[in-house]
Amino acid sequence: MPLEVTWPFPQCPRLGWRISSRVVMGMVGSYSYLWTKYFNSLMVHNQDVLLNLVDERPQDTPLITVCNHQSCMDDPHIWGVLKFRQLWNLNKMRWTPTASDICFTREFHSSFFSRGKCVPVVRGDGVYQKGMDFLLERLNQGEWIHIFPEGRVNMSGEFMRIKWGIGRLIAECSLHPIILPMWHIGMNDVLPNETPYIPRVGQRITVLVGKPFTVRHLVNALRAENTNPTEMRKTVTDYIQDEFRSLKAQAEALHHRLQNHT
């Protein structure tokens, strides 16, 4: 299924593009910062781990953050956990794969979301498509990518098997990314998955930042064994899923404790 709009990213972005992208990222980030921290109650556990990785990791070390998907505005709301100055630093902020059938259906929408470092991914087109290739290039430049590995908003709250796209990005990356799992609770109270889609105030949000890890040892072993690409993606994805799953119960316990104390 082809993308409904022209590919939004220029090969060599001009000054006007970079300035407009910085404005979009900064303004949306500022909204998220104010809305989650001041109009709602935000509790972040192990926040310094994320902040330090955004600021201080080596230039040749990509970062992949993964978290659960509760609401259609988890991104950008989740980035209320960052420092205000980070939200305005275009070079440090994340790229994220974004459903093309939602955010890239018109040229105006495409222009806005692409300047917000959202990359169109066509559902059903698999792990080999232009958006995924673009994200892989960003990783190879040492940049930060945020992924909702469930692939869609999870309204049931049950743990879903994560998609293989993340496995491809890691398996084919020429560098060795740091992977940071996170789990949040309460975003679907801030923006419920029902009409009217208007963000609410006075809600409690818990964000648990997990322990960073790499799969360098696993990828090197799979390459040494000449593992075929499909099996390699699956093995890497399964490993990440195990690390990711362990956060769910911890985050729920922290969130319930917060509710009981208020």
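Note that Cβ sites are derived from N, Cα and C of the backbone, with glycine treated the same way.
What Swiss-Prot lists as intramembrane segment is 19-35, and the listing cites sequence analysis.
For the region 'Mitochondrial targeting sequence' (82-92), the list of distant contacts is 18, 21-22, 25-26, 29-30, 32-33, 50-51, 54-55, 117, 144: same-chain residues at least six beyond its ends, Cβ to Cβ under 8 Å. Residues annotated as region 'Mitochondrial targeting sequence' in Swiss-Prot: 82-92 (among others).
In the predicted model, residues of the region 'Mitochondrial targeting sequence' (155-190) average a pLDDT of 94. As annotated by Swiss-Prot, region 'Mitochondrial targeting sequence' applies to 155-190 (among others).
Annotation source Swiss-Prot lists motif 'HXXXXD motif' at 69-74, citing similarity to another entry. Within its own chain, the motif 'HXXXXD motif' (69-74) is flanked in space by residues 102, 148, 150, 152-154, 157, 184-185, 187-188, 190-193, 197, 199, which lie at least six positions past its ends and keep a Cβ under 8 Å from the stretch.
According to Swiss-Prot, the topological domain 'Mitochondrial intermembrane' annotation covers 1-18 (among others), on the basis of similarity to another entry. Residue counts for the topological domain 'Mitochondrial intermembrane' (1-18) under DSSP (helix as H, G, I; strand as E, B; rest coil) come to 4 helix, 0 strand, 14 coil.
The topological domain 'Mitochondrial intermembrane' annotation in Swiss-Prot covers 36-262 (among others), and the record cites similarity to another entry as its basis.
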Taking helix as H, G and I and strand as E and B in DSSP, count the residues of the region 'Mitochondrial targeting sequence' (155-190) in helix, strand and coil.
12 helix, 8 strand, 16 coil
